[in-house]
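**Q** Dropping a structure here in structure tokens format, bear with me for questions.
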């Protein structure tokens with residue numbers, strides 16, 4: 001009998017025991033496939049790819065521990081109760097027992113996902129890291145039409161809109177937005193919250209159409225979990241800045257579809273958790289309590305001063321130190337730069353521009369904004385307006401005290417972190433190319449022309465590229481003389497190098513001719529030309545370049561022979577990637593050249 005013989009029906013080992021197919025998992029849990037799919041989405045269980053697929057490559061496998069994890073979850077019982085409840089409602093309607101059906105419909109079994117949030121994300125940072133897909137999904141459903149009778153409930157759409165506006169209000173209030181980019185898919189945003197970079201996509205403000213090739217049941221299951229997750233995150237973030245959650249909005253602004261502006265007003269009103277009184281009453285109470293708390297503050301300050309004089313190794317020496325500095329002082333340089341980008345600037349939005357996006361971006365970078373319509377904080381006739389964002393070639397009335405720019409100017413200023421010149425963004429002109437801040441031009445090997453222009457403007461804004469006013473005439477002359485001397489010395493060194501290369505080539509040729517037995521005239525050092533012709537110099541340069549290339553190729557071939565097969569495959573993949581990058585850069589340069597030539601031809 002073989003050593004590892006196992007009779008039929010005994011316990012399995014290896015991949016056969018570790019993994020289970022989806023069909024067997026559904027039978028093991030005694031639920032339907034739709035319920036199994038929903039349970040896996042909510043619990044975060046995904047299919048696995050074992051090295052050895054016991055039952056074939058065409059099947060989906062799950063880890064047995066994950067299936068056992070699902071089997072003990074209370075949600076399975078809830079899903080079974082919901083299934084039984086639906087059968088009871090159907091049976092009541094079939095028997096025409098309307099009263100029983102109404103009672104059953106008014107008391108459906110419900111469940112909450114609060115436990116799953118803590119289970120999947122033990123810490124708050126873990127939840128922030130997994131927020132990209134959550135925000136994208138919530139913003140997508142917030143843009144869908146809220147129409148009764150569609151596959152998505154109106155209440156779900158309103159809830160997604162509320163959650164997205166609460167998130168945007170927090171980002172705008174804390175000045176956490178870092179990058180933005182307009183693409184065909186929508187508008188990309190990137191924010192930095194507690195050291196975590198969060199990127200999400202919002203669709204354009206267009207009429208959305210629900211297509212039939214999308215499985216909305218799966219998307220709604222993801223949305224159900226993401227709504228709960230984003231609600232918990234908003235609660236934590238709002239309380240971190242001492243703001244009540246959920247916020248109570250102004251009903252007038254909410255009726256005018258200005259929820260984001262209403263949220264910003266609410267957050268700036270200074271309401272703290274556990275206090276629902278307006279800001280004016282809070283200020284009055286603070287004025288009354290100032291006198292009573294003054295003595296306490298003085299005693300605490302004296303105690304802190306005395307505590308500084310105690311030895312550091314004494315227990316309790318640092319217990320009563322003065323509190324940390326304010327949040328504004330604790331912010332990093334990046335946040336301060338974002339907060340003051342649009343400082344002292346006042347914007348007015350026309351009705352044809354993307355209002356929600358600009359209402360989110362401009363306050364996030366320290367600007368003041370209003371719009372055309374009811375509920376706006378100030379009108380178009382305000383004389384303090386510095387910039388008006390328009391996207392129409394003609395205006396009914398033009399104010400000379402402000403600048404009229406296209407919406408792209410806002411996004412480019414945000415990405416460049418400077419106030420760009422408005423000449424290229426005047427209404428009626430073709431704006432400069434909208435560059436993506438998510439692309440590393442240095443790594444790609446191609447830097448667009450406008451990116452170089454922005455770099456020069458950034459350096460000039462930081463006083464890095466400026467004329468040297470401290471240099472006098474004598475210093476300027478001395479610097480020019482030194483530059484000329486350095487250049488002449490470098491030219492002399494290059495000429496000497498060329499002469500040595502020519503002499504070395506001549507020596508090798510003479511040795512080769514002597515070896516072949518050919519006669520040649522004896523040349524002395526006096527007869528050698530002092531000046532090398534340009535054609536000979538060019539030939540020498542080409543020869544040296546070819547020799548260097550050949551040497552590099554030989555060295556690469558030798559190193560390849562010493563590599564293993566895996567290392568050679570990795571090197572080949574790197575070389576193919578580099579060639580693709582070069583081809584892409586050449587294609588971009590060719591397109592740029594064709595565009596310039598066509599533009600010059602049109603100009604003629």
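Glycine too: its Cβ is placed from the backbone N, Cα and C atoms.
Pulled from TrEMBL, these are the listed features:
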- 486-513: coiled coil (COILED)
- 531-557: compositional bias 'Basic and acidic residues' (COMPBIAS)
- 577-586: compositional bias 'Basic and acidic residues' (COMPBIAS)
- 337-427: domain 'BRCT' (DOMAIN)
- 275-299: region 'Disordered' (REGION)
- 518-557: region 'Disordered' (REGION)
- 574-604: region 'Disordered' (REGION)
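Give me the structural setting of these features: burial, nearby parts and distances.
**A** Sequence-distant contacts of the compositional bias 'Basic and acidic residues' (577-586) (same chain, at least 6 residues past either end, Cβ-Cβ under 8 Å): 444-446.
For the domain 'BRCT' (337-427), the DSSP counts in helix, strand and coil order read 25 helix, 15 strand, 51 coil.
Residue counts for the region 'Disordered' (574-604) under DSSP, split into helix (H, G, I), strand (E, B) and coil, are 30 helix, 0 strand, 1 coil.
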**Q** Give, as a single whole number between 0 and 100, the mean pLDDT over the coiled coil (486-513).
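**A** Averaged over the coiled coil (486-513), the predicted model reaches a pLDDT of 73.
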